Structure formats: C-alpha cells, structure tokens
Amino acid sequence: MAGRSTAATQRNPPQRRRISNTSNPKILKDPKLLFASALLLCDSFLVVLIIAYVPYTKIDWDAYMSQVSGFLGGERDYANLKGDTGPLVYPAGYLYFYSAIQYVTGGQVYPAQILFGILYIVNLGIILFIYGKTDVVPWWAFTLLCLSKRVHSIFVLRLFNDCLAMMLLYASLAALLYQRWHLGLIIFSGAVSIKMNVLLYAPPLLLLMLKAMSISGVISALAGAALLQILLGMPFIMSHPFAYISRAFNLGRVFIHFWSVNFKFVPEPIFVSKAFAISLLIAHLGLLTAFAHYRWCMHEGGLFKFLYSRLDPLKLKFALTSSFPLKKSSNSHSSTRVLRKEYIVTTMFVGNFIGIVCARSLHYQFYSWYFHSLPYLLWKTPFPTVLRVMLFIGVEFCWNVFPSSMYSSAMLLFLHLVILVGLWSAPPEYPYVDNKASTENKDK
C-alpha cells in the first residue's frame with residue numbers, strides 16, 4: 001500500500017505541472033498578443049499625456065453641438081440644422097451618437113476628450129485584433145499603428161465624427177472575419193449613418209458577400225442594412241424627406257481647394273471643375289474593376305466569369321421553380337464558400353485605398369480613413385522592409401505638413417501610387433479556406 005501511495009505521489013506532480021502549464025494565460029504564450037497588449041497600455045498612457053498637456057484645437061466640435069442642440073430641440077428639417085462651420089451634411093446616425101455624447105459630457109470639451117481617448121484605444125484594440133488574425137504584418141511593425149501624430153490629434157484634440165465611423169467600420173470587419181455577414185453589414189450600415197466615407201468599402205464588401213453567401217443571403221443582408229438606414233432616418237424622412245436625403249447623402253459636394261492634402265498642386269479652377277471630378281470617378285471605377293478582375297477574382301477566371309457563375313444558377317433556379325413551384329432545389333447554397341481572413345482584410349483595405357487615391361480632396365481628418373490599414377497594405381507589397389517603412393514615414397510626413405503645399409500634395413499622390421503599384425504587383429491570394437460548401441458557414 002505504501003509503495004502504491006508513493007508511486008501515485010510521484011505520478012501526481014507531473015500531472016499538476018501539466019495542468020499548471022495548460023492554465024497559463026494565452027497572452028503569455030503568444031508574443032504577438034503580448035506585444036499588442038503592451039502597445040495598448042503604452043498608447044493609453046500617451047493619450048492621457050496628450051489630453052493633459054496638448055491644447056485642444058477648436059474646429060468642428062461647436063458645430064456638432066449646435067446641430068445636435070437643434071435636433072434635440074425638435075427640429076427635423078435638415079435645411080435648418082446648422083453650425084458655425086455650415087449646414088449638417090451627415091446622416092441621422094451622426095445626430096444620435098453626438099446627442100449621446102452631449103448627454104454624457106454636457107457638451108464640454110474636456111470630458112469629450114476623455115471619451116474620445118477611450119474611443120481611440122477601443123479602435124486601436126479592434127485593429128490590433130484584425131492584424132493578429134491575419135498574420136501579415138510582423139509583430140514589431142504593430143508599433144507603426146501608434147506613431148501617428150496626426151491620428152492622435154484627429155481623435156483626442158479635434159473630436160471628429162470620422163473616429164466613430166471608422167471604429168464601427170473596423171468592428172464590422174472583425175465580424176466578417178468570423179463569417180458573420182449579416183451582423184457585419186448591420187454594423188457597416190451604422191458606420192455609414194455617421195459618415196458616408198465608409199461607402200468606399202462598399203464595392204469590395206459586395207464582392208466578398210457574393211463569394212461567401214447565397215444570392216438570397218446577400219439580398220437579405222442588404223435589406224437589413226437598408227432597413228437600419230430607414231429606421232435611423234425615419235424622423236426626418238417622415239417630415240422633410242427631400243431635405244434629409246439631399247443633404248445627408250450628397251455625393252456631389254465640392255470641398256475647398258485650400259484644405260486639400262492630396263491635390264493641392266492642381267490649379268483651383270481645374271480642381272473644382274466637373275471634368276476633374278468625372279475623370280477621378282472613371283479612374284476609381286476602372287481601378288476597382290481591374291483589381292476585381294485580375295486580382296480578387298482571378299481564381300474564378302475573372303470578375304465577369306465569377307458574376308456569371310453566381311447569376312446563371314439563379315436563372316436556372318427561377319426556371320425550375322416556375323415549372324415545379326413546389327420542388328426545392330438542393331443545390332441552392334452549393335456555391336457559397338468560407339473565405340480566408342487574410343483575403344477578406346486585403347480586399348477591403350485595398351478597395352478602400354483605391355478610393356483614397358482617387359478622392360478629389362482629402363482633408364486632414366480623412367487620414368483616419370486609411371491610416372490604420374497602411375502597415376497592412378505595405379506588407380502586402382513585394383517591397384523590402386526598409387522601403388515599406390520609408391513609404392510609411394513619407395505618408396505620415398505629408399499629412400503633418402500644415403498647411404499642405406503643392407509639393408507635399410504631389411509627394412503624397414506619388415507615394416500613394418507607389419503603394420498601389422506594389423499592391424498590383426503582389427501575387428493574387430486564394431480566397432477560400434477549403435473546398436467545403438457553406439454548410440460550415442454560420443451565416444448564409
């Protein structure tokens with residue numbers, strides 16, 4: 001008995017050690033996760049220092065509060081909702097979010113800065129999560145996400161609504177990584193309701209949905225997103241529909257040439273001309289089509305062959321159901337597949353970057369539209385690491401020249417084009433996890 005007891009005692013310590021090892025926190029086993037957590041902590045401290053010691057910059061906050069006060073006062077005509085920087089030009093979600101912010105902060109700047117500091121850290125946390133799930137950028141390069149003077153300023157010194165919109169966009173992208181397409185599109189619609197720049201992600205998102213979902217799933221997800229927009233805008237649609245739609249979703253706005261960061265070198269008469277806007281739109285659509293055909297859909301034989309493969313079974317299904325209305329097609333979802341996380345992020349980031357390159361005017365706060373995707377995009381190019389870092393520094397430099405000059409804007413456009421050429425030169429990614437059908441997909 002004593003011998004067996006001693007033997008059992010000798011066997012137990014290794015077992016306890018195994019249990020102890022398996023109970024170690026995951027953060028201690030994953031250096032990338034540990035480094036990302038350390039970055040969040042250090043950047044939180046930096047945000048505290050910025051709020052405490054760097055003077056707040058008055059730009060749009062007073063206008064935001066004036067527009068929100070008009071809304072809370074009962075005004076439902078978008079034509080009458082104005083601030084000291086001009087009329088309200090954002091969808092209804094913006095009013096709801098900033099009404100909540102006004103309620104929490106009392107409309108005061110300092111507590112709003114604290115709130116936006118928290119928002120900055122949450123946003124950075126979501127982005128680091130996305131980076132960690134894709135394994136494209138080396139862990140040390142995560143540091144680049146925390147080094148932008150301009151982005152810190154956009155969040156905690158200027159309190160722009162771009163910050164809210166982009167945080168929701170990245171939350172939407174995080175949901176898409178887990179194939180939660182309906183949820184992701186609802187969050188995406190919420191981001192659009194704050195600022196329409198998020199629509200730059202719409203073309204690649206639609207392509208991803210067509211690859212990952214059935215046609216009926218795509219329609220239902222789009223319907224859910226549209227329904228959210230209708231519900232958010234209902235108080236204004238019911239009272240003054242034309243004023244709301246024409247102002248909140250105005251795609252033809254012309255920005256002031258002086259504030260342009262990217263096309264300051266273009267003479268103002270050309271900059272504000274319709275011909276310049278149309279040429280940029282054509283370039284935008286052409287680049288999206290080229291990337292979709294030769295890069296994003298290359299493994300399906302190109303964009304047009306892929307679209308035909310998705311629509312042709314739909315025609316057959318309609319023909320069958322018209323002949324046999326009670327018969328249910330067993331292959332209705334057979335073409336849907338599970339997309340790789342890296343492919344989802346690459347397609348979304350590149351599609352947005354194409355829109356950035358072709359934008360007629362980028363104001364300083366618009367840097368937040370794509371800054372956090374820059375390291376990812378640079379590491380998707382075939383460039384050496386030194387060149388990637390130099391391109392990142394160059395872009396950051398251009399965005400910190402104030403006011404922008406014809407030289408800084410020409411340099412920024414050149415750097416954007418270099419990155420775009422690098423992305424085009426990268427080998428196309430295989431989109432799918434495996435050959436299994438969407439029976440494994442959690443959200444058809």
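Numbers run from 1 along the shown chain.
From the backbone N, Cα and C atoms, a Cβ is placed for every residue, glycine too.
For 1-24, the entry in TrEMBL reads region 'Disordered'.
Annotation comment: TrEMBL describes 1-13 as compositional bias 'Polar residues'.
Remote same-chain residues near the transmembrane segment (33-56) are listed as 26-27, 109-110, 113-114, 117, 120-121, 124-125, 128, 131-132, 139-140, 142-143, 145-146, 152, 155-157 (criterion: CB distance under 8 Å, separation of at least six residues from the stretch ends). Positions annotated as transmembrane segment by TrEMBL: 33-56 (among others).
Cβ atoms under 8 Å from those of the transmembrane segment (112-131) belong to residues 36, 39-40, 43-44, 47-48, 50-51, 56, 61, 101, 104-105, 137, 142, 145-146, 152, 155-157, 159, 163-164, 166-167, 170-171, 173-174, 177, 345, 372, 375-376 of the same chain, restricted to positions at least 6 beyond its ends. What TrEMBL records for 112-131 (among others) is transmembrane segment.
Long-range contacts of the transmembrane segment (151-171) within the same chain: residues 46-47, 50-51, 54-57, 59-61, 64, 90, 94, 97-98, 109, 112-113, 116-117, 119-120, 122-123, 126-127, 130, 187-188, 190-192, 194-195, 197-198, 201, 364-369, 371-372, each at least 6 residues beyond the stretch ends and with a Cβ under 8 Å from a Cβ of the stretch. Feature annotation from TrEMBL assigns transmembrane segment to 151-171 (among others).
Per TrEMBL, the feature transmembrane segment maps to 183-202 (among others).
For 208-232 (among others), the entry in TrEMBL reads transmembrane segment.
Feature annotation from TrEMBL assigns transmembrane segment to 275-296 (among others).
Under the heading transmembrane segment, TrEMBL lists 343-363 (among others).
Within its own chain, the transmembrane segment (383-402) is flanked in space by residues 144, 147-150, 261, 364, 367, 374-375, 408-409, 411-412, 415-416, 418-419, 422, which lie at least six positions past its ends and keep a Cβ under 8 Å from the stretch. The transmembrane segment annotation in TrEMBL covers 383-402 (among others).
Per TrEMBL, the feature transmembrane segment maps to 409-426 (among others).
Note on the transmembrane segment (343-363): residues 130, 134, 136, 173, 176-177, 200-201, 203-205, 207-208, 254-257, 259-263, 271, 276-277, 280-281, 283-284, 287-288, 291, 295-296, 369-370, 373, 376-377, 380, 413, 416-417, 419-420, 423, 429-432 of its chain, located 6 or more positions outside it, place their CB under 8 angstroms from a CB of the stretch.
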